[in-house]
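Student: Quick paste from TrEMBL:
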ACT_SITE  CYS313  active site, nucleophile
ACT_SITE  CYS316  active site
BINDING   ARG114, THR116, TRP127, SER171, HIS174, ARG206  FAD binding site
DISULFID  CYS21-CYS26  disulfide bond
DISULFID  CYS58-CYS93  disulfide bond
DISULFID  CYS313-CYS316  disulfide bond
Amino acid sequence: IFSLEVNLKKPCPFWNDNSHCGIRDCAVKPCPTDEVPNGIRSASYKYSEEASNHAEECEEANRLGAVDESLSKETQRAMLQWTRHDDSSDSFCEADDIHSPDAEYVDLLLNPERYTGYKGPDAWKIWNSIYEENCFKPQNVKRPLASGRGESLILLSGVCIEKRAFYKLISGLHASINIHLSARYLLQDTWSEKKWGPNVTEFQQRFDEVLTRGEGPRRLKNLYFLYLIELRALSKVLPFFDRPGFQLYTGNKSHDAEIKNLLLEILHLAKSFPLHFDENSFFAGNKKEAAKLKEEFRLHFKNITRIMDCVGCFKCRLWGKLQTQGLGTVLKILFSENLIGKIPESGPSYGFRLTRQEIVALFNAFGRVSTSVRELENFRNILRNMQ
C-alpha cells in the first residue's frame, strides 16, 4: 500500500521546460526491481481474487488485457473488462503509463514528502496554472496570482455550488501541501547531519491572518472541507473492499490478510463518523446541464493531474501526482454511488473498479490530508506556547 508505480520522466505537456531541480533533496530513490513483490510486478495485477489466483500466468502478459490461453474464460473476461475500465471515461486523472520503460516503483516511506528547497518562479508557475487556467471562476474576472499571496476566495461569488466546491478542494489541497512543507522543514544541514522539523515562520507566512490579509484562515477552512470530502469517499467505497473476493496480493498471504483487516477497520471507522459532506446536492439540477457540468468538472481536474508532469522537483512531482490522483479517485467514488451500490458480494464487479494505482493513491492521499490536520494542531500548540 506504500509502493507506487510512477513515471517521473514524462515531459510537461503544456510548456517547453526541461529544467529540473538540482537540489539533492529533490531526488527520488526508486525500488530495486528484485525488491518489488512478484504479485505487484505482475503486468495484469489488480486487487482481486481472479488476478491473484493467476499471478504467475499474468506475469508473462505483454500488456494489460493480453489474454493468456492458460487462463479460465471467466478470468479472461474479467481481464478484458479491466482493460476497458482503464480506458473508460469515469477517470478524473491522467494516469501514468505503467508499462512505459520509464515507470518505476517507489517506496513512499523512503521518499517522504517534506521541504526540498523547490520554490520561486518555477513552483509559482505550477500553482498559477492550476488556479488561473483550471479553477472555475467568472470569465470576466482576471486575477493575477501574486507570488506569495496565494489564492483569493472573493471570486467565488456568482459561481454555482459545484464550481465553488472544486475551487475549495484545490485550495484545501494547496493548504495541505504547504502544511507538510512547513512541518518537515530543513532546519539544519551540516556535513554530519540533517535536521527536519516544524518551521513556525514558514507556517505563519502562509496561514497567519494578518500576514495573508485574511486569506490564511480561509485556506485552512478549505483544508477541513477537503478532509471531509475524502472521509466521505472512504465511507462510500466500503462495499468494494468488504467483499470476500477482494484481496491485497503481494505474495505474502498472512501480511495481505492483516493489511486488508486494517483497511477495513479504517473504512468502518470512516463510516461511523456522522458529519460527512453530502455530495447529493452536486449535479442535481437539469439532467442535461448537470451531465455537461460534471464532464467539465472531470476534464478540469484531469488537466490538473497533467500539470504535475511540469513540476521540476522529482520528489514534489511524486507527491503531487499521488495526491492529485488520490483526490481524483475520491471524486470518482463520490460520483459512482449507484455503481457501488450494485457491487455483488462475490465475483468480479464490472460496473465499478479501482486499479491498484487508484487504491494506493486514495489511502496515501487521505493519510497526507489527515496528517495535515494533525500538524495544524501541533502548530497551534507551538504558537500558544510562544505567547
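Note that Cβ sites are derived from N, Cα and C of the backbone, with glycine treated the same way.
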Student: So which one is it: of the recorded positions CYS26, CYS93, CYS313, CYS316, which has the fewest other Cβ atoms within 10 Å?
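Tutor: Minimum Cβ neighbour count within 10 Å, taken over the recorded positions CYS26, CYS93, CYS313, CYS316, occurs at CYS26.
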Student: Restricting the comparison to the recorded positions CYS93, CYS313, CYS316, which residue's C-alpha is spatially nearest the C-alpha of HIS174 (FAD binding site)?
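Tutor: Closest by Cα: CYS316.
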Student: To the nearest whole angstrom, what is the C-alpha distance linking ARG206 (FAD binding site) and CYS93 (disulfide bond)?
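Tutor: Cα-Cα distance, ARG206 (FAD binding site) to CYS93 (disulfide bond): 28 Å.
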Student: ARG114, HIS174, ARG206: which of these binding-site residues has the sparsest Cβ neighbourhood within 10 Å?
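Tutor: Per-residue Cβ counts within 10 Å for the binding-site residues ARG114, HIS174, ARG206 bottom out at ARG114.
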Student: At a 10 Å cut-off from the C-beta of SER171 (FAD binding site), count the other C-beta atoms across all protein chains.
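Tutor: Looking across every protein chain shown, the total is 26.
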Student: If you count the C-beta atoms lying within 10 Å of each candidate's C-beta, which of the binding-site residues THR116, TRP127 ends up with the smallest number?
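Tutor: Each of the binding-site residues THR116, TRP127 was scored; lowest Cβ tally within 10 Å is TRP127.
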Student: Please report how many Å separate the Cα atom of TRP127 (FAD binding site) from that of CYS316 (active site), as a whole number.
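Tutor: So the alpha carbons of TRP127 (FAD binding site) and CYS316 (active site) sit roughly 13 Å from each other.
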Student: For FAD, with binders ARG114, THR116, TRP127, SER171, HIS174, ARG206, what's the maximum Cα separation in whole Å?
Tutor: 21
